[in-house]
Amino acid sequence: MAEAHQAVAFQFTVTPDGVDFRLSREALRHIYLSGINSWKKRLIRIKNGILRGVYPGSPTSWLVVVMATVGSNYCKVDISMGLVHCIQRCLPTRYGSYGTPQTETLLSMVIFSTGVWATGIFLFRQTLKLLLSYHGWMFEMHSKTSHATKIWAICVRLLSSRRPMLYSFQTSLPKLPVPSVPATIHRYLDSVRPLLDDEAYFRMESLAKEFQDKIAPRLQKYLVLKSWWATNYVSDWWEEYVYLRGRSPIMVNSNYYAMDFVLIKNTSQQAARLGNTVHAMIMYRRKLDREEIKPVMALGMVPMCSYQMERMFNTTRIPGKETDLLQHLSESRHVAVYHKGRFFKVWLYEGSCLLKPRDLEMQFQRILDDTSPPQPGEEKLAALTAGGRVEWAEARQKFFSSGKNKMSLDTIERAAFFVALDEDSHCYNPDDEASLSLYGKSLLHGNCYNRWFDKSFTLISCKNGQLGLNTEHSWADAPIIGHLWEFVLATDTFHLGYTETGHCVGEPNTKLPPPQRMQWDIPEQCQTAIENSYQVAKALADDVELYCFQFLPFGKGLIKKCRTSPDAFVQIALQLAHFRDKGKFCLTYEASMTRMFREGRTETVRSCTSESTAFVRAMMTGSHKKQDLQDLFRKASEKHQNMYRLAMTGAGIDRHLFCLYIVSKYLGVRSPFLDEVLSEPWSLSTSQIPQFQICMFDPKQYPNHLGAGGGFGPVADHGYGVSYMIAGENTMFFHVSSKLSSSETNALRFGNHIRQALLDIADLFKISKTDS
């Protein structure tokens with residue numbers, strides 16, 4: 001394999017004969033091409049910035065306005081009502097005239113036309129922002145759309161009809177509104193009523209009233225002031241205090257995973273699958289840089305914020321003693337690869353051209369064929385990213401701030417993303433229920449040192465060609481990486497393809513230089529720190545119980561026959577399953593998005609409601625008529641859907657209380673109410689996994705082209721983490737996590753309760769898979 005010095009532009013040594021310079025032509029060539037590529041990207045960004053800045057206008061529309069003004073002037077019609085002549089008189093004459101009077105008139109008309117054009121764009125964007133601030137459509141039934149909503153929809157379509165770029169709507173998105181304190185307090189008390197007895201509820205009610213009357217008004221004023229100044233009053237604090245200031249390991253506690261297609265297999269060649277996948281990812285990055293990706297649109301017309309996509313690639317979480325830092329680079333031309341305890345650098349470009357899939361396959365195969373042993377301390381080095389953040393920050397500062405260690409660490413942290421070549425094989429075998437769970441655990445934490453948990457995402461390649469992702473959470477939420485993953489899997493399957501022998505299409509360029517081994521000089525003291533982090537991470541990973549399963553009896557198609565939303569159906573089933581599992585209700589977290597607002601991220605839906613608990617209790621008694629149970633279920637479903645809509649439209653509970661708590665800390669004001677609210681454990685943390693954000697193939701035509709979604713670790717010591725994907729008309733996937741050290745939880749047991757709860761609710765409506 002090539003040595004590390006190939007990556008250095010020049011070296012020099014002092015000899016008795018003078019100074020000896022050694023130039024690396026390959027490195028200098030890469031530096032030159034990198035500079036050329038950077039300038040190309042800058043020009044593209046400038047062009048995109050102009051096009052984005054004038055949306056929904058365009059250079060063509062500007063030219064039309066100018067031509068209309070000039071044409072009317074030659075027809076002796078003054079559409080400017082004298083403004084052109086006023087502009088002409090105001091033209092500066094300090095440095096002489098602008099030529100003939102006709103030239104001055106033409107210049108004045110161009111200035112007038114540009115002003116009219118810019119004013120029109122401004123009015124269009126403000127009108128669009130006002131229209132996008134309307135959310136009444138979310139609270140109406142599809143069959144009973146009001147006239148106001150119909151008119152609103154027509155106006156939105158007219159104003160956004162021109163083909164938008166990825167960030168075209170960013171400045172037209174409304175700001176996240178700050179809810180009123182009384183409204184938030186009322187919704188909070190309503191959410192905890194089913195969880196507290198009368199005495200505990202009256203106590204909480206008293207604390208809430210004291211907070212609302214005495215402390216909250218002052219905190220709210222500061223928060224409203226921030227909402228006027230900041231783009232989003234929540235997102236920066238959420239990123240900093242929930243993610244970057246966390247000092248516990250991010251492996252399991254924060255990072256989450258995503259699975260490959262599990263019902264089909266494109267190839268068993270590990271290197272070939274990676275070649276196609278990495279090529280597809282860089283294709284996506286190129287589209288991202290050029291803003292060629294269509295923004296995600298609700299109902300095909302309401303744009304979602306695309307801000308989180310900016311840091312998808314070339315991003316690393318840098319550890320700090322008190323808080324971490326997200327480092328994002330505008331460009332990266334390589335990936336970092338881990339295999340059998342060794343780290344490699346793989347270039348993605350040959351000159352200015354992206355390597356073809358077959359070339360990338362060859363490079364990855366060279367790594368797989370390499371038999372060189374790891375250097376001392378290299379094998380478990382990545383365990384530093386899996387342990388405590390303070391320990392990692394101290395080790396990084398002490399052992400990786402200079403020399404070859406710094407150079408190699410920079411190579412990893414400046415990579416487009418991280419690639420892990422695993423030695424184990426994983427796949428989903430319907431006849432072996434444990435296979436999906438083992439696959440999930442491998443993606444969630446691996447062996448604690450074969451993932452670089454600080455990278456924005458790690459692409460994981462199993463020996464048999466199966467893939468997966470491990471994603472760092474602070475830079476974005478699951479729908480963002482899901483958008484990339486959908487593109488990659490569809491591109492790999494339907495656009496790039498494989499030969500009959502399972503290799504990438506085409507012939508490799510054998511003249512490409514081989515991947516470069518990274519060089520390390522890790523002293524024993526650092527190796528001790530690595531081992532300590534590994535032991536912390538291993539204890540954490542060994543304590544995770546993960547149960548993943550496919551639910552086959554029915555899917556979205558059958559649930560719709562219950563006249564309820566699939567998400568509400570599953571959430572109510574989770575409440576029934578949890579009560580059967582523990583004999584009690586608990587504070588339940590469901591992640592909702594606020595991306596209809598600029599730089600919006602998530603909000604919490606408190607799924608355990610008085611209506612859902614009433615339904616569960618009625619189900620448990622076994623003495624209620626089916627019609628009564630159906631009515632209770634529909635009430636619970638309607639309540640859940642309404643709460644979800646409120647959360648999406650900025651009227652949630654928890655982000656507002658969280659920000660009030662942060663303000664109270666800044667002001668040094670203590671609130672017993674906020675202290676208690678923010679310390680409540682989420683014993684059941686849930687999330688629905690998005691799918692089909694991109695339409696690259698027809699899922700009805702290819703029903704087996706389904707991923708199994710993804711999952712995350714348990715949030716509470718004695719709680720469950722549940723992610724689910726309503727994968728199609730006839731199936732669902734669930735990922736249930738808990739801690740083995742807890743005597744209260746068992747992921748397998750809870751998963752079986754979920755299965756039975758889904759079947760029992762479906763039985764209420766007398767529907768089966770044959771009906772869907």
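Cβ atoms are placed via backbone N, Cα and C, with glycine included.
Feature list (source: Swiss-Prot):
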TOPO_DOM  1-47  topological domain 'Cytoplasmic'
TRANSMEM  48-73  transmembrane segment
TOPO_DOM  74-102  topological domain 'Mitochondrial intermembrane'
TRANSMEM  103-122  transmembrane segment
TOPO_DOM  123-772  topological domain 'Cytoplasmic'
ACT_SITE  His473  active site, proton acceptor
BINDING   Gly555, Lys556, Gly557, Leu558, Ile559, Lys560, Lys561, Cys562, Arg563, Thr564, Ser565, Pro566, Asp567  CoA binding site
BINDING   Tyr589, Thr602  (R)-carnitine binding site
Legend entry - Assigned conformation of Ser565 (CoA binding site) - DSSP reduced to three states: coil
Inset, instruction - Select the most exposed residue of His473, Lys561, where exposure means the fewest other Cβ atoms within 10 Å, treating these as the recorded positions. - result: Lys561
Legend entry - Proximal residue to Gly555 (CoA binding site) among recorded positions His473, Tyr589, Thr602 (C-alpha distance): Tyr589
Inset, instruction - List the same-chain residues at least 6 positions away in sequence whose Cβ sits under 8 Å from the Cβ of Tyr589 ((R)-carnitine binding site), in sequence order, or say none. - result: Thr604, Val605, Arg606, Ser607, Trp682, Leu684, Ser685, Thr686, Val715
Legend entry - Rounded Cα-Cα span from Thr602 ((R)-carnitine binding site) to Arg563 (CoA binding site), Å: 27
Inset, instruction - Count, for each of the binding-site residues Gly555, Gly557, the other C-beta atoms lying within 10 angstroms of its own C-beta, and report the residue with the smallest count. - result: Gly557
Legend entry - Chain-internal residues, separated by at least six, CB under 8 A from Ile559 (CoA binding site): Pro566, Phe569, Ile726, Ala762
Legend entry - Other CB atoms within 10 A, centred on Ser565 (CoA binding site): 18
Legend entry - Nearest of the binding-site residues (Gly557, Lys561, Ser565, Asp567) to His473 (active site, proton acceptor) - Cα to Cα: Asp567
Inset, instruction - Taking the Cβ of Thr602 ((R)-carnitine binding site) as the reference point, list residues of the same chain whose Cβ is under 8 angstroms away and which are at least six residues distant in sequence. - result: Trp238, Asp477, Ala591, Ser592, Met593, Thr594, Arg655
